Structures are given as structure tokens and as C-alpha cells.
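Structure record follows, encoded as C-alpha cells.
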Amino acid sequence: MTKLSIEPVTRVEGHGKVTLSFDDSGKLDKVNFHVVEVRGFEKFLEGRYIEDAPVFTPRICGICQVSHNLASARAVDNVFGVKIPKTADMLRNLMQQASNVHSHALHFGMLASPDLMFPMTDDALKRNVLGVASENMDVVKDAISMRKIGQTIIQKVGGRAIHPVTAVVGGQSKPLTEEERDELLKMSENLVDTAERTLVVGKQLLDGLKEQDLLELGYFESYHMGMVNNGAQDIYEGKIRVVNPEGKIEYEYDPSEYLNYMSEGVRPYSYLKFPYLTEKGPVDGVYRVNTLSRLNVCDRMPTPIAQKYYEEFVKTFGKPAHHPMLFHYARLIELISSAELIRKFLEDDTIVGTDIRVEPTDLVGEGVGCLEAPRGTLVHHFKTDDKGIITDANLVVATVQNNPAMDIGVQKVAEKYIKTPEDAKPHVLNHMEMVIRAYDPCLSCATHTIDGKERMLSMDVYKGGKLIKTL
């Protein structure tokens with residue numbers, strides 16, 4: 001038996017690899033995507049005060065830190081049974097849209113564009129952001145510009161750009177001042193135009209993929225999941241909708257009911273779990289989340305310019321669209337939508353209100369927080385004792401939910417292009433990575449301890465040289 005490995009998979013957040021196994025006759029036997037890191041944040045949270053969860057969870061990831069912060073904050077609000085004030089809600093939504101801008105701009109400009117510009121090159125030294133800059137410097141400059149705006153908004157609203165701290169139980173701990181609002185309005189005045197310009201470039205690059213018969217990379221049909229608010233795409237709040245491979249609505253439910261619809265399995269070659277729709281089973285119940293899935297499940301976009309491109313997208317590719325490469329296109333439509341919403345929120349005087357927090361009075365003891373992280377549906381679920389100490393934490397992270405799809409995707413590419421080890425040319429192996437990168441996986445977010453025979457992890461915590469806890 002012969003094995004080939006792509007290690008590490010580059011231009012993703014975290015550490016992963018792909019292995020190709022060939023039988024004794026030299027024929028391709030199996031292909032798997034492995035995640036080779038483990039972190040265990042769910043265990044870290046046990047024994048902590050519930051109010052600390054929104055501070056701890058952003059440490060899971062420095063890219064989708066806001067989504068973890070806000071999902072935890074919403075779960076904590078529900079643990080205490082509080083409804084936050086309108087201004088606090090708007091501030092959180094503003095921060096969520098800014099996070100979407102920073103993440104989508106980073107992914108397209110730095111991680112995805114090399115694949116779209118140089119899909120057939122064997123020269124890995126060209127297939128990177130420096131190669132992109134040599135071809136089209138504006139792509140890189142625009143990405144940096146948009147990311148800066150997103151991060152600045154997060155810093156002003158959240159107190160920190162990387163690990164925000166202002167979302168607390170009952171609302172926000174800090175208002176947005178008039179001066180800060182004016183600064184952000186001025187900084188973001190060209191944001192929508194920049195996002196629209198980026199989408200035009202992305203469409204041209206995807207047209208190039210289609211001409212090279214690469215738009216089909218990793219294609220398979222599946223269920224899709226995403227959040228909708230009265231039918232509109234919404235990354236901040238709403239109900240979870242699932243459509244089947246033909247586009248028919250299969251389920252639509254409140255996020256607090258997620259355990260009735262989602263299950264997880266394990267496989268011995270990866271630290272990532274393999275989620276599926278409970279009723280459909282682990283084989284037929286594979287579903288996807290992220291930008292393309294959000295466009296597949298919604299009836300419309302929440303903003304006018306994004307709606308125009310959404311209609312064009314549906315007219316061109318149909319609905320639902322199943323091509324992994326179209327996650328890039330959907331990501332750029334969302335980039336415009338979030339840019340439009342940022343302007344809308346900043347122009348509303350409610351955003352600088354000072355009624356931003358209510359004091360909690362009750363302890364319900366259990367709460368679920370759900371929103372759409374840049375990479376897909378994110379659920380934080382906490383249980384506490386009567387003192388508000390976390391007794392159980394469950395994090396259902398976007399990348400975990402796309403793990404089966406990435407595994408299937410690399411298999412599809414290998415089956416099409418690789419029959420023997422000699423077929424595994426550098427650009428062909430990169431096609432497998434292209435499928436993974438289309439999902440924009442955040443592997444640090446997705447990895448957590450798996451109990452059972454497949455994977456075991458324990459961690460000893462010492463203080464002053466003495467063992468104080470085993471996780």
C-alpha cells in the first residue's frame with residue numbers, strides 16, 4: 001500500500017492534512033481529510049462562572065472571535081432570562097456585520113484569490129498573496145482596507161479588536177460615543193463601493209474557473225442549513241432553516257431546539273466530529289453551512305445592492321446551488337450586504353444611545369445562543385448549577401458541520417483526477433486544497449475533545465508545581 005499526504009493544508013486557519021491511500025496494485029483506494037489539532041474549549045469552560053463565557057470563548061479563534069463572543073453573550077442572556085435593550089442589540093449586530101466584513105475580505109484577498117487566479121500552476125511560490133499582488137494589487141489593497149474597517153468597528157464597539165469584552169449579561173458595558181460614530185461613518189463611506197468592486201473581480205475569476213472546467217471541483221448535492229429572519233438572510237438572529245437537495249424547506253425551527261435535529265458521529269482519522277441531520281442519518285443526512293448555504297435557504301437578502309446580486313446569482317446558477325467554488329461568490333454577496341448594514345446602523349441615532357444594559361434578576365440555569373458566524377451556523381449551549389457555575393458546555397461550530405462535506409469534496413476531486421500516484425501532480429493536489437479552502441474552515445474553532453475509543457485526551461493543570469485539576 002502507498003500513501004501520499006498533503007500536509008499541511010495551507011491558507012486555512014488551523015492545521016489539517018489530506019491523505020490518499022493506494023492499494024497494492026497502485027489504484028486509488030481512499031481519500032480522507034484529517035484535522036490534526038485538538039483544543040478542548042468545552043472542557044475549559046466547565047467550572048467557570050457563566051458570566052465569564054463571553055470572555056473565554058473569543059479565545060477559540062482570532063478570526064471569528066466576535067461570533068463566539070456574541071453567541072456566548074446571547075446564551076448567557078438566556079441563562080439569566082433577560083432581554084437586552086434595543087441600542088445594545090444594535091451595537092452587537094453592528095459588531096457582527098463588521099466581523100463578517102473583516103473575515104470575508106481576509107479570506108478572499110489573502111486565502112482564496114490565489115486559487116482563483118492560478119488554479120493550474122504547479123508553482124507554489126506563485127500561488128500566494130504575493131502572486132496575487134503581482135497580478136492585481138488592488139485586490140490585496142481592497143481586502144486590507146475592508147478588513148481594517150471591520151476590525152476598527154469591532155475595537156470601538158467591543159473594546160478590543162481581537163478579543164472583544166463589552167458584550168456582557170444584559171447588554172453592553174460600553175456605549176458608542178458620537179465622536180466614535182462619526183469617525184466610523186467617515187472611515188466606512190466607501191465600504192459598499194469597495195465590496196462591490198471586489199465582487200466584480202471575484203465574478204471574473206470564477207468565470208475563468210468555469211472556462212477551465214474547474215467550477216465543478218468537489219461537486220455533490222446535499223442539504224443546506226442557515227439562519228433566516230422572516231425569510232430574509234440574517235447572520236445575527238432568526239430561525240434555523242434547512243432545505244433539501246432540491247431546495248424544498250425540510251425544517252425550520254428555533255435555535256433552542258437544535259438537539260432535536262442535529263447529531264454528531266466520530267471517525268478514527270480526525271479530531272473533528274461528523275455532524276448530520278438526525279432524522280436522515282449519517283450517510284443521507286450530510287448538510288452544509290456557510291455563505292452558499294445561507295443563500296440557498298433564504299428567500300431574499302436584507303439589503304438592496306446585495307439583493308440585486310443575489311437575484312443575478314440565482315438566475316445564473318439556480319437554487320439551490322451545490323458547487324463548493326460558489327461559496328466564494330456567495331461570500332462576496334454577503335460582503336456587500338454586511339457593508340450596507342454597517343452604514344445603516346451607523347446612520348441611525350439609536351446606535352449612540354446610552355440605555356445599553358439591564359440587570360439580571362433570575363437564574364434560569366440553561367441557555368442557547370445562536371447566530372451565523374462567517375463560516376456558518378454557530379451554537380453555544382450552556383447549563384449551570386444554582387450558583388451560576390457552568391456544568392456543561394456544548395459548542396456546535398460551523399466548520400465542524402462542513403467536515404463531512406470537505407471529506408466528500410476531496411474524495412470527488414481525487415476520483416476525477418487521480419487514478420495512480422503518478423497522477424498526483426502539484427496543481428491536482430492543490431485542487432483538493434481548493435475545495436477545502438472554499439469552505440473557509442476554521443480548524444481551531446472546530447476541534448474539541450472527543451470522548452470514547454476513537455480519540456482520548458486528558459490535560460493536567462498545575463499551579464505552583466501541584467496538580468490542581470485533570471480535564
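The first residue you see is number 1, and the count goes up from there.
Every residue, even glycine, has its Cβ placed from backbone N, Cα and C.
Copied over from TrEMBL:
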- Glu42, Leu395, His448: Mg(2+) binding site (BINDING)
- Cys61, Cys64, Cys442: Ni(2+) binding site (BINDING)
- Cys64, Cys445: Fe cation binding site (BINDING)
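Straight-line distance linking the Cα atoms of Leu395 (Mg(2+) binding site) and Cys442 (Ni(2+) binding site), rounded to a whole number, equals 14 Å. Each of the binding-site residues Cys61, Cys64, Leu395, Cys442 was scored by how many other Cβ atoms lie within 10 Å of its Cβ, and the smallest score goes to Leu395. When the Cα atoms are compared, Cys442 (Ni(2+) binding site) and Glu42 (Mg(2+) binding site) turn out to be 16 Å apart. Of all the Cβ atoms in the protein chains shown, 17 others lie within 10 Å of the Cβ of Glu42 (Mg(2+) binding site). DSSP assigns Glu42 (Mg(2+) binding site) to a helix.
Classification of Cys64 (Ni(2+) binding site) by DSSP places it in coil, neither helical nor stranded.
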